[in-house]
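The structure under discussion appears below in the form of structure tokens.
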Amino acid sequence: MTQATLDRDIPVRGSGADVDARARRTAQRRRALHWIAVHALGIAAAAFFVLPFVFVFLTAVMSDNQALTRDLWPHTWQWSNFRTVWDTPGFLTWWRNTLLYAVGGTVLTVVSSLPVAYALAKFRFRGRNVIMMLVISTMMLPPQVIIIPMYLFWAKQLHLDGSLWPLIIPMAFGDAFTIFLLRQFLLTIPREYTEAAKVDGCGEVRTLLTVILPMIRPAIAAVALFQFFYCWNDYFGPQIYASSNPAAWTLSYGLESFKGAHHTNWNLTMAATVLVMAPVIMVFFFAQKAFIEGVTLTGVKG
Amino acid sequence: MSASVHPLLRAKRRKEALRNLAFLSPWIIGFCVFFAYPLISTVYFSFMHYTGFNNPTWTGGKNWSYVFTEYPLFWPALRNTLWLVVVMVTLRVVFGLGVGMLITKIKTGAGLFRTAFYLPYLAPPVAATMAFVFLLNPGTGPVNHILGGIGVPTPGWFTDPHWSKPALTILAVWGVGDLMVIFMAALLDVPKEQYEAAELDGAGAWSRFRYVTLPNISPIVMFAVVTGVIQTMQYYTQPLVAGKVASGIIGNSGQQFEPGYPDKSTLTLPQLVYNLGFQRFDYGSACVIALVLFALSMAFTALLMRRRSGFLSAED
């Protein structure tokens with residue numbers, strides 16, 4: 001709209017000024033209409049994306065009786081629902097398990113994937129492209145493909161079922177998606193940096209830790225977030241390995257049983273849903289930029 | 001490595017090879033133990049009769065013929081996947097592109113709109129699915145309440161076999177934020193001059209989109225379609241949780257949940273691996289499904305790699 005003010009300030013001189021002014025007004029009106037149309041569409045789309053959250057939240061604070069009706073707005077705001085959910089036996093344990101899985105899994109994944117990504121991006125050796133193709137192939141595979149032998153391995157041979165260890169331990173051996181993303185990012189760093197470090201007498205490990213690591217912090221943040229969300233959201237893994245032992249359940253797995261125990265009370269189920277969504281959304285707000293950069297990297301670069 | 005290579009150079013090469021091996025070792029171990037071995041083992045078990053309690057015995061192609069000709073859930077699952085590939089992937093790509101274009105045009109409050117559009121993608125799948133089963137529940141759900149209020153028919157959504165897949169599609173379109181961000185970045189990369197040139201030639205909005213935007217972003221559209229197909233073949237958590245919650249049969253209630261509620265309409269291939277392996281203890285047949293899933297995923301991944309050779313390009 002600044003453009004419009006500027007236009008008005010230009011002094012009108014000479015012949016044909018009327019025509020000019022009319023053309024300018026038409027252009028202005030068209031711009032204004034365009035602005036209104038775009039923002040109206042934007043608001044309609046925003047309603048579609050945001051309203052589900054709003055309804056979930058409003059139901060989460062309804063009283064038990066009202067949650068059984070078709071009302072959309074709570075008569076009384078029963079904030080204690082969150083407390084009730086929090087105090088449900090098990091909820092805190094699921095929370096702790098999820099955090100252990102997500103934080104432990106993320107740290108292990110990043111630490112074990114970084115050297116692999118570095119080697120694939122910076123070292124020249126035979127078979128590099130073959131390894132890269134294998135990494136990409138495994139990246140696209142669902143966990144169900146190999147779950148039968150993996151389950152037999154963890155449960156029948158190591159007797160680790162009923163815990164989250166079968167999910168956490170493999171993360172110490174690199175994750176295809178993380179390796180792929182970090183490598184893509186490392187490729188954008190000019191070779192001169194690593195060569196300059198080598199001239200200064202740095203070994204590869206020191207080059208990686210002191211020269212490269214500070215430069216790729218945004219990429220590390222992005223892959224860490226992806227992995228954190230992956231673990232936090234994982235349903236299949238805990239279902240296979242932890243379902244036999246409620247003390248090892250995670251939030252994603254436990255949430256569903258919550259609906260079983262409170263099947264008439266949508267309000268408590270929705271309060272639990274809010275409590276599972278909230279941390280993810282909070283993490284996103286703190287790290288929005290890194291996250292969106294990461295998503296862009298998956299699709300555009302490469 | 002000929003004999004004429006200088007000893008110092010040979011020593012350097014050996015040192016380099018050791019260094020490469022050291023850096024790659026986590027992946028090499030992980031690949032062998034957590035991928036190659038279980039994959040070979042899956043092939044082996046697919047020819048075995050094994051319940052977890054007997055010694056595996058050779059049955060030849062019996063598991064394979066059972067899955068393809070007798071197992072009542074296989075073809076419905078494949079048909080559902082086809083439905084989802086055609087409808088869900090298409091709608092997600094079209095909607096993602098539309099929202100991506102919209103966000104590049106919004107001038108006021110762009111950051112706020114972008115966050116609002118993106119947030120649903122982050123909602124944990126189990127939580128998002130439960131939210132939608134609630135929102136779309138035929139009795140007290142707000143959506144049918146509103147639809148009824150304006151006099152539109154109110155479907156049974158997750159409880160009606162004809163409406164469960166459309167309901168899942170709405171859930172998937174709601175979480176279109178990932179595609180939106182990718183399309184947004186691609187749209188901003190289209191050279192401005194091409195639009196200006198088209199405008200000088202008198203091109204309208206549609207022809208600008210058709211002849212400037214689309215050719216420029218077609219690789220990204222292709223990427224979105226192929227990854228969408230791969231994700232759809234692996235679609236697991238949302239249909240399973242939706243079926244469980246809508247049917248009212250949940251985990252520890254003692255009843256066994258037969259996946260696909262209502263009437264097999266939400267079955268997908270990964271659910272069959274769980275059903276055969278962990279509910280019917282027929283590990284052999286579960287491995288057959290796993291290999292079908294493997295073959296389908298690999299076929300589309302190969303397509304993706306051929307289309308985007310850039311995946312492998314190094315800096316030099």
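Cβ atoms here come from the backbone N, Cα and C positions, even for glycine.
Database features (TrEMBL):
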type	residues	note
TRANSMEM	B:21-40	transmembrane segment
DOMAIN	B:78-304	domain 'ABC transmembrane type-1'
TRANSMEM	B:82-104	transmembrane segment
TRANSMEM	B:116-136	transmembrane segment
TRANSMEM	B:167-188	transmembrane segment
TRANSMEM	B:209-230	transmembrane segment
TRANSMEM	B:283-305	transmembrane segment
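The transmembrane segment (B:209-230) is in contact with the transmembrane segment (B:82-104), judged by 3+ CB-CB distances under 8 Å for residue pairs 6 or more apart in sequence. The transmembrane segment (B:167-188) is not in contact with the transmembrane segment (B:21-40), judged by fewer than 3 CB-CB distances under 8 Å for residue pairs 6 or more apart in sequence. Tertiary proximity for the transmembrane segment (B:283-305) is limited to same-chain residues at least six positions away from its ends with a CB under 8 Å from its CB atoms, namely 39, 42-43, 45-52, 59, 62-64, 66-67, 71, 74, 223, 226-227, 229-230, 233-234, 269-270, 272-274, 276-277, 311-312.
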